[in-house]
Amino acid sequence: MVGGPYFDVKLGRKDGLESKAHKVRGNVPMPNQTVHDIHGMFKKNGFSLREMVALSGAHTIGFSHCKEFSDRLYGSKADPEINPRFATALKELCKNHTVDDTIAAFNDVMTPGKFDNMYFKNLKRGLGLLASDHLLIKNNSTKPFVELYATDEKAFFEDFARAMEKMGTVGVKGDGEGEVRRRCDHFNNLNV
């Protein structure tokens, strides 16, 4: 729908019987975590560093709320490596984020509605929105993958598709542990 790669999604996967926000921490990367910590989460589920970087490319679409990156913009901890024009625009956008927590910015400012490799090109230009995104170009272990995907969209698409297929096999529930959801827009016992 947005131009990204095709990948198979296995049918019949069972999801948990409940969804609890407190169970997310430690299992989903946070916007200010280090590459080492994020890779640790992926590694415990059998993902390589390359797969982690490819999956990070999902940030080529979507958005993040200002509270997730505002520490990079304001005060003594402002990030000097963020593109200055980008920082100025984000400061203007997010100036009221403490009173309106719905204010958000696109993760990929250049092509926000298209799944492409622009996210990786943006990282090289200081246009990574989240601190964890920016660290991918700064870290010597992940930088080669960022550079590869920035120049070779086909490689990114192939790696992303394989990693997404693999993601679909993580934490599959057994009999009695979950259910095959009939509706994906409704969560039973959602408690956030």
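In case you wondered, yes, glycine gets a Cβ from its N, Cα and C as well.
Bear in mind that TrEMBL entries carry predicted annotations, made automatically and left uncurated.
Disulfide pairing as given by TrEMBL: among Cys94, Cys184, Cys66 connects to Cys94. The number of other Cβ atoms within 10 Å of the Cβ belonging to Cys94 (disulfide bond), over all protein chains shown, comes to 20. Least crowded of the binding-site residues (Thr60, Thr111), judged by neighbouring Cβ atoms within 10 Å of its own Cβ: Thr111. Taking the centre of the Cβ atoms of Thr60, Asp108, Thr111, Asp116 as the Ca(2+) site, the nearby residues of that chain (Cβ within 8 Å, site residues left out) are Ile61, Met110, Pro112, Lys114, Phe115, Asn117, Met118, Tyr119, Asn122. Neighbour density at the Cβ, taken as the number of other Cβ atoms within 10 Å, is lowest among the binding-site residues Asp108, Asp116 for Asp116. Among the recorded positions His59, Cys66, Cys94, the ones whose Cα sits within 10 Å of the Cα of Asp108 (Ca(2+) binding site) are His59. Between Thr111 (Ca(2+) binding site) and Pro29 (substrate binding site), the C-alpha separation comes to 23 Å.
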